[in-house]
Amino acid sequence: MALVLEKPGESSTAISEKRQTIPLYLVNGVATVWDAQVAATLHCDHAISGLRVGTLPGVSQQNGFLGLPITLMQEETAYLVRSGIAHIVPVATDPYALVPSPEQVAAHTAARKERIKRIEAQLQAAAQNKERNRQQAFEKGGEKARLKREARARVKAEKAKSTESSLFEGEGQSTSLPDRPASATSPDKTAPSSNGHFYAFSALPAYPDLSLSAPITSVPHPLFPFPITPRHCALLGVFSALQARGYRTGLGPRFGGEYLVYPGDYLRYHAHFTSQVIVRDEPIKPGELVAWGRLGTGTKKAGLLCCWDDGVRPIDTEIGDEEKEGDVEFYSLEWANFG
């Protein structure tokens, strides 16, 4: 199979080096996506959907149809960073860094009220000007119609007189139409006045620029401490294993599990599994098996037991052991007569 290069004579290595990774903006410890094209790329090319949380106050059904930004789970963020698909861009850690001061709020409010007053005054002046032009056009139209009626009456009288003279004298007399008065000509059309925009947009941003730190290209990181515990490693290992098998994962606490597992795009399929992540040799109670099985039946899904094991036990844990590649085994759990 021949490799198609973007430019003749350019190696695939050079092409891959030119491709930039996707920025994920870290806000209060949560990775977010603010660009629609980036969200579409993650969804279509990398099977990462995230959770839409954006809304517009005052819009009908604002909680039913959410949009940008998109928040990502810790597992999704770590998976993208470790796969070289994305990097993390920390936003200002101070939550009050971007909050305007009371003086700025008061000044902005006063400017907004003044702008509204100017807009109302301009709208009122435009309405008065329109009404005045309409009245003038009506008056000119009435005068023009009166002059036309008088001209038609004179023409009719002259024509009747000419006809009567031709009957008695036997000679036709031609009559000429009177010249149209200068006042009867159509009035000149006034050019519409253009007031332009009500106000000019400021080129400066409404808020200060974001205070961004150096990008994060590896995890865990002090600003993004994931994964650092065996539980974190198990979650990331299970998520990566499901991604490698072509499944998509979503938040599952609503259905009593860790993840909801979809066989494909969640816009096309319902979730088939509700997963439970089990770390290493963590014991499982018989009552939990019954609960998970009945939970799957109640939600019309099969239970999925995700057993993660990196071969490390608490007794022989050493520095660096948590970085081992963990193995994941999956077991589906279904209640009797399910489906």
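Heads up, residue numbers simply count up from 1 along the chain you see.
Here the Cβ of each residue, glycine as well, is placed from N, Cα and C on the backbone.
All protein chains shown were included, and the count of other CB atoms within 10 Å of the CB of Tyr262 (active site) stands at 21. Feature annotation from TrEMBL assigns active site to Tyr262 (among others).
The number of other CB atoms found within 10 A of the CB of His270 (active site), across every protein chain shown, is 10. Here TrEMBL flags His270 (among others) as active site.
Taken from TrEMBL, the feature active site covers Lys301 (among others). Look at Lys301 (active site): DSSP puts it in coil.
If you look up TrEMBL, you'll see 140-162 marked as compositional bias 'Basic and acidic residues'.
The feature compositional bias 'Polar residues' is assigned by TrEMBL to 172-194.
Per-residue confidence over the domain 'TSEN34 N-terminal' (22-90) averages out at a pLDDT of 89. Summarising the annotation, TrEMBL assigns domain 'TSEN34 N-terminal' to 22-90.
Assigned with DSSP, the residues of the domain 'tRNA intron endonuclease catalytic' (237-310) fall into helix, strand and coil as follows: 24 helix, 23 strand, 27 coil. TrEMBL lists 237-310 with the feature domain 'tRNA intron endonuclease catalytic'.
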Quiz item: Taking the Cβ of Lys301 (active site) as centre, how many other Cβ atoms lie within 10 Å?
Solution: 23
Quiz item: Per DSSP, what is the residue tally for the compositional bias 'Basic and acidic residues' (140-162) in helix, strand and coil?
Solution: 23 helix, 0 strand, 0 coil
Exercise. Using DSSP, tally how many residues of the domain 'TSEN34 N-terminal' (22-90) sit in helix, strand and coil.
Key: 19 helix, 24 strand, 26 coil
Self-check item: Length of the line joining the Cα atoms of Lys301 (active site) and Tyr262 (active site), in Å
Solution: 10
Practice problem: Sorry to bug you, but what's the C-alpha spacing from Tyr262 (active site) to His270 (active site), rounded to the closest Å? | Solution: 6
